[in-house]
Amino acid sequence: MQHRKITFIGAGNMARAIIAGLVAGGYPATLISVCAPSSKNRDALATDYGIISSANNIACAQEADVVVLAVKPQMMADVCKPLQEQIDLSGKLVLSIAAGILVSRFYQMLGEPLNIVRIMPNTPSLVGKGMSGLYAPPQVSQADRDYTRDLMSSVGKVCWVADENGINGVIAAAGSAPAYFFLFMDAMQQEAERMGFSHQAARELVQQAAIGAAALAAANPEIPLSTLREQVTSKGGTTAEALRVFNEQQLPATVAKAMQAAVSRAQEMEKLF
Ligand SMILES: NC(=O)C1=CN([C@@H]2O[C@H](COP(=O)(O)OP(=O)(O)OC[C@H]3O[C@@H](n4cnc5c(N)ncnc54)[C@H](OP(=O)(O)O)[C@@H]3O)[C@@H](O)[C@H]2O)C=CC1
Ligand SMILES: O=C(O)[C@@H]1CCC=N1
C-alpha cells in the first residue's frame with residue numbers, strides 16, 4: 001500500500017487499535033503521529049509503537065497528508081474549529097472514525113470542498129481482526145478511496161457502504177459488536193466460575209469456544225450459521241436445552257432491539273453534535 005504521512009487526532013482506544021495494527025502490518029512508524037491534550041495515552045503510543053506524540057493538533061495536521069479524526073463525537077466541533085481556521089485542508093485526506101457525525105456536518109465544521117471519508121472501525125483492529133465500514137462522498141478520488149481501503153485492510157476487513165446511512169448499520173453490526181460478544185462471554189465466564197472453574201480456566205473455556213466458533217464460521221462461509229448451530233445440537237441433548245432457554249428469553253428479538261438501539265443512538269448523535 002501507499003504510505004502517506006498520517007496523523008491521528010485523539011489517542012484513545014480506537015486510535016490505539018488502528019495504530020497498533022498499522023505498525024504491526026508494516027506501516028512505517030516514522031510516518032505516523034498522534035495528538036492528544038494529555039501526554040499519558042499519546043506517549044504510551046509513542047513508546048509502544050515508535051510513533052511521534054504531540055500536543056499540537058495544528059502542527060501535526062499541517063505536516064500530514066492524512067488527518068484521522070479520532071476524538072469522541074462530543075469533542076469533534078472543538079477539535080475542528082482551529083483546524084478550519086488555521087489549516088489549508090485542500091490536498092489533504094480527512095478520515096473520521098466518529099460515530100454519529102455526518103459528512104455534511106464536517107463540511108460545516110471544516111469547510112468545503114473537503115476530501116473526507118468516514119470509517120467505522122472496531123477495536124479488534126488492534127490484533128489485525130478489525131471490521132471497518134467505509135463511506136466516501138462521490139467527489140472523493142479513486143486514489144483516496146484506495147488508500148483508505150488499504151489502510152483499514154491492513155488492520156482487518158473492509159466493506160464500503162454506498163449510502164452514508166449504511167455507516168449506522170455498520171455500527172450496529174460491527175463497530176459496537178465486540179462489546180456484545182464481550183458481554184455474552186463475560187456472563188458465560190461468570191457462570192463457569194460459579195460452576196467451580198477458576199477465573200483463568202473459565203476464561204479459557206469461554207474464550208476458546210468463542211474463537212473456535214468464529215473460526216469455524218469463517219472457514220465455512222457457505223454453511224449458514226443456523227446449520228453450524230444445528231451441528232452442535234444433538235436431539236434431546238444438552239445444547240437443545242440451553243438454546244430452548246435462550247429462545248424462551250427471546251434472545252434473537254433482544255439482539256434485534258439492541259442493534260436498533262445502537263442505530264437510533266447514532267441518529268440522535270447526528271442531530272446533537
Ligand atoms: N472505541 C470503539 O470501539 C470505537 C470508537 N469509534 C469512534 O472513535 C472515536 C474515539 O473513540 P475512543 O477511542 O473510544 O475514545 P477515547 O475516549 O478512548 O479517546 C478519545 C481521545 O481523544 C483525545 N482528545 C480529547 N480532546 C482532544 C483534543 N481537543 N485534541 C486532540 N485529542 C483530543 C483524548 O485525549 P486524552 O488522551 O488526553 O484523554 C483521547 O486520547 C469516537 O468518535 C468513536 O465514535 C468508532 C468505532 C469503534
Ligand atoms: O460506542 C460508541 O459510540 C463507539 C462507536 C462504535 C463503538 N464505539
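One is the number of the first residue shown, and numbering goes on along the chain from there.
Keep in mind that glycine also has a Cβ here, set from the backbone N, Cα and C atoms.
Features reported for this protein in TrEMBL:
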DOMAIN    5-100  domain 'Pyrroline-5-carboxylate reductase catalytic N-terminal'
BINDING   I9, G10, A11, G12, N13, M14, A70, V71, K72, P73  NADP(+) binding site
BINDING   N57  NADPH binding site
DOMAIN    164-269  domain 'Pyrroline-5-carboxylate reductase dimerisation'
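Distribution of TrEMBL features across the structure.
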| residue | record | DSSP class |
| --- | --- | --- |
| I9 | NADP(+) binding site | strand |
| N57 | NADPH binding site | helix |
| A70 | NADP(+) binding site | coil |
Quiz prompt | Residues satisfying Cβ distance under 8 Å from A11 (NADP(+) binding site), sequence separation of at least 6 | solution = V34, C35, A36, N41, R42, L45, S53, A70
Quiz item: In the structure shown, which of the binding-site residues N13, N57 has the fewest Cβ neighbours within 10 Å?
Solution: N13
Self-check item: Cα within 10 Å of N57 (NADPH binding site) - qualifying binding-site residues among I9, N13, K72
Solution: I9
Quiz item: Once the chains shown are all counted, how many other Cβ atoms turn up within 10 Å of the Cβ of A70 (NADP(+) binding site)?
Solution: 28
Practice problem: Could you please provide the mean pLDDT value for the domain 'Pyrroline-5-carboxylate reductase dimerisation' (164-269)? | Solution: 98
Self-check item: In the chain carrying K72 (NADP(+) binding site), residues 6 or more apart in sequence that have Cβ under 8 angstroms from it
Solution: G10, G12, A98
Quiz prompt | Cβ contacts of I9 (NADP(+) binding site) (under 8 Å, same chain, 6 or more positions away) | solution = C35, A36, N57, C60, A61, V67, V68, L69, A70, V71, V79
Quiz item: What is the biggest Cα to Cα gap, in Å, among I9, G10, A11, G12, N13, M14, A70, V71, K72, P73, the residues listed as binding NADP(+)?
Solution: 14
